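First the structure, in the form of structure tokens, and then the observations on it.
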Amino acid sequence: MFNIFHSKQKYGLALGSGGFKGFVHIGVIKALEELDIEVTHIGGSSIGSIVGGMYALWGNIDKVEEVLLGYDKKKLLDMFSSDIGLLQGVFKGESFIEELDKLVGNASISDCLTPFVAVSVDINTGEKIYHTSGLLRDAIRASCSIPFVFKPYEFNGRNLVDGGLAESVPVEATKSIGAKKVLGVNVQGFPQNTDDKLNLKTLSERAYSAAVYHLSIKDSELAEKSLLFNFMDMNSMDMVDNAEDLVQMGYKETIKMFR
């Protein structure tokens, strides 16, 4: 006898690093909800930890979209600009944690409606850190300590930096908290070719971006399904100005994958 009922599809969601390109993550989640695909676990690196952490806590992607797309665009660009000195990086890190306080307060990872893990790296030892307990804001702040933007986040005796350096698309992290099948969302994209004169700063930034891009490809191969987005013709200002388009891009590609 055949079972006429289809079992509900279930996936862990590995939301990758990629700065403002991470607006795409919102559209991916909106599509999964529309398709009635259950998100069983969420892993996030960098921007993926922001979108994933808030969604895991609130269970409401419309609220996440309203909050992130409602931010003052200049404030976002200033906060995540790489054109800084060390002291400014300290101040910007403090400003970021203040913003996280407003959003998630003293919520713990254990308060999340969906099991959640954020990834960071101990810059002193190179050790990959999975944040599965403690305050959600600390996990997100550590995972978002982007080189050239923020000073490393000092937490529990460690100096933590961007999780994208270890798992750009945190498939392994998501499986480590129990996900059986994972949908990886890779928004890294290869660094845009520019005519900027190469100096130590721009060379370092491009080398970092290239390394994380290649890491993201390898990470994505560990997922049962993966979405890869490319942004060759968009800079940070374009992404912030066209955040709604990035959300729609994530939505459309996810619908296309599962239908």
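Every residue gets a Cβ built from N, Cα and C, even glycine.
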44-48, 189-193, 194-198 - the one TrEMBL records as motif 'GXSXG': 44-48
Could you tell me the C-alpha distance between Asp162 (active site, proton acceptor) and Ser46 (active site, nucleophile) in angstrom, no decimals? 6
Reduce the DSSP letter at Ser46 (active site, nucleophile) to three states and note it down. coil
Same chain, outside the motif 'GXSXG' (44-48) by at least 6, Cβ under 8 Å from its Cβ: which residues? 14-22, 25, 116-119, 140, 143-144, 146, 162-164, 166-170, 173, 185, 187
